[in-house]
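Asks: According to Swiss-Prot, the protein has these features:
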- H399: active site, GMP-histidine intermediate (ACT_SITE)
- D90, C93, H198: Mn(2+) 1 binding site (BINDING)
- C93, H230, H324: Mn(2+) 2 binding site (BINDING)
- 197-201, 324-325, 373-376, S380, 399-402, K475: GMP binding site (BINDING)
Amino acid sequence: MHVPGTFYVNDALKGLLFEELQQAVVRGDHGGFLPAVKQLANVAALPGIVKRSIALPDVHSGYGFAIGNVAAFDMDNPEAVVSPGGVGFDINCGVRLLRTNLTEAEVGPVREQLAQALFDHIPVGVGSQGIIPTTAKDMESALELGMDWSLREGYAWAEDKEHCEEYGRMLNADPRYVSSRAKKRGLPQMGTLGAGNHYAEVQVVDEVYDAVAARRMGIDTPGQVVVMIHSGSRGLGHQVATDALVAMERAMARDGIITNDRQLACARINSEEGQAYLKAMSCAANYAWVNRSSMTFLARQAFAKIFKSTPDDLDMHVVYDVSHNIAKVEQHCVDGQHRRLLVHRKGSTRAFPPHHPLIPADYQLIGQPVLVGGTMGTSSYVLTGTEQGFTETFGSTCHGAGRARSRNNSRNKLDYQDVLDNLKAKGIAIRVASPKLVMEEAPESYKDVSEVVDTCHQAGISKKAVKLRPIAVIKG
């Protein structure tokens, strides 16, 4: 290990980490499974890593890097690497939050109709195909321009991109580095939710912890209705990652790079393979922002239909849009010196502090909004970034609850009807394309998101602003 590993966990979450470690001892590394503790140590041994390998409270085993792992690499160190495993297969999987001027009293009586309207408007599920008309030429433009393409084509409002990480566009994107297979997979999926833990939720403001921050974001009234969309780059992002892993295995053999785990395939940042991946990854990130923008357009249409109004009159503005699977070049202070770092965030969210130049003007006094999605039927949170987090975790915090059970375990141990009945008992309308996903994504499959968020708050790496409660959910 070149640097130490640091875990941000409380006693309850620490117990889950040790359970995962114990499972690994019993079953071995069958199927490539490694516990998060070991994965964090393996990342700490990668060339060019600085400061520490960081595990956030929602950490659990992933591919190469654990999900919930943050690691930064010195751009000026010729040995430093970029690893697709540090971003994940769903590049720029992220969350967008829309506010409305509706209340729970207005939406509650029609939540079933609203859930159905969202389900009808937004294509969901494995293999779902979008209804946004997209040609091969459009795809090239979307990969390069990100949300600027959405704005040009009429699927976004001008102010949407102002409230988006990177303003919805990675400038170093170059579609020439995205394979034809990746483009072919992405073309029919524009504006689709996908499956797994992706969702669109209608939520209400449940508690306000920071009135100033909540007011600045326009979500300061308990009972106010908001919409959360969680999705990523679909098959295109998966193919970009797959293509890069193959190329990087060759680069490792050529350059003599040795890692502790084959899943940590990587390349020197400034190598041909490293730069090709970063350009293709940026295209996939742009695709994901276009995807969430397209679903925002569709969600606005669904609300307008149900409430016989316009999205503008319903005040359906974007509060913020964050990525939690990405690698970006950022300026940070390491050992008292300002350094250019390639920060890998996998299952973790950027959380920049007040006055940082890369956050919108209207959030300068409160810090960057951080959107933390809960599980199906549990609360979600809006946090803000802190100066302490910028110093300790490269301006990063948690992204969600984090799995506590494997998908297979959830399918075997949970009953479909029981999960649905529990959601209905909480007054939540649900539409799901695949029944098995109800078990896989049930609250029992995940850690307690409140424990995760509270741990980050108590550690000072982010600050709680608003708690959100679901009243309608659509899933793939």
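Including glycine, each Cβ sits where the backbone N, Cα and C put it.
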Asks: Are any of D90, H230, H324 (the binding-site residues) within 10 Å of N197 (GMP binding site) when you go C-alpha to C-alpha, and if so which?
Replies: H230
Asks: Would you list, in sequence order, the residues of this chain other than C93, H230, H324 that have their CB within 8 A of the centroid of the site's CB atoms, where the site is the one recorded for Mn(2+) 2?
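Replies: Not counting the recorded site residues, we get D90, N92, G94, V95, H198, S231, G232, S323, N325, G373, H399, G400.
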Asks: Between H324 (Mn(2+) 2 binding site) and H399 (active site, GMP-histidine intermediate), how many Å separate their Cα atoms?
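Replies: One finds 6 Å between the Cα atoms of these residues.
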Asks: Relative to the Cβ of D90 (Mn(2+) 1 binding site), which residues of the same chain, six or more apart in sequence, are found under 8 Å away?
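Replies: The answer is G232, S233, R234, G237, H238, N325.
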Asks: If you run the three-state DSSP split on A200 (GMP binding site), which class comes out?
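Replies: SS state of A200 (GMP binding site) = strand.
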Asks: Within 8 Å of the Cβ centroid of the Mn(2+) 1 site residues D90, C93, H198, which other residues of the same chain have their Cβ?
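Replies: The answer, listed by sequence position, is G94, G194, G196, N197, H230, S231, G232, S233, R234, A288, N325.
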Asks: For the binding-site residues listed here, N197, N325, T375, which shows the highest count of neighbouring CB atoms within 10 A?
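Replies: When each Cβ's neighbours within 10 Å are tallied, N325 leads.
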Asks: Measuring Cα to Cα, how far is G402 (GMP binding site) from H198 (Mn(2+) 1 binding site) in Å?
Replies: 13
Asks: Can you grab the distance from A200 (GMP binding site) over to C93 (Mn(2+) 1 binding site)? Cα atoms, rounded to a whole Å.
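Replies: Just about 13 Å between their Cα atoms.
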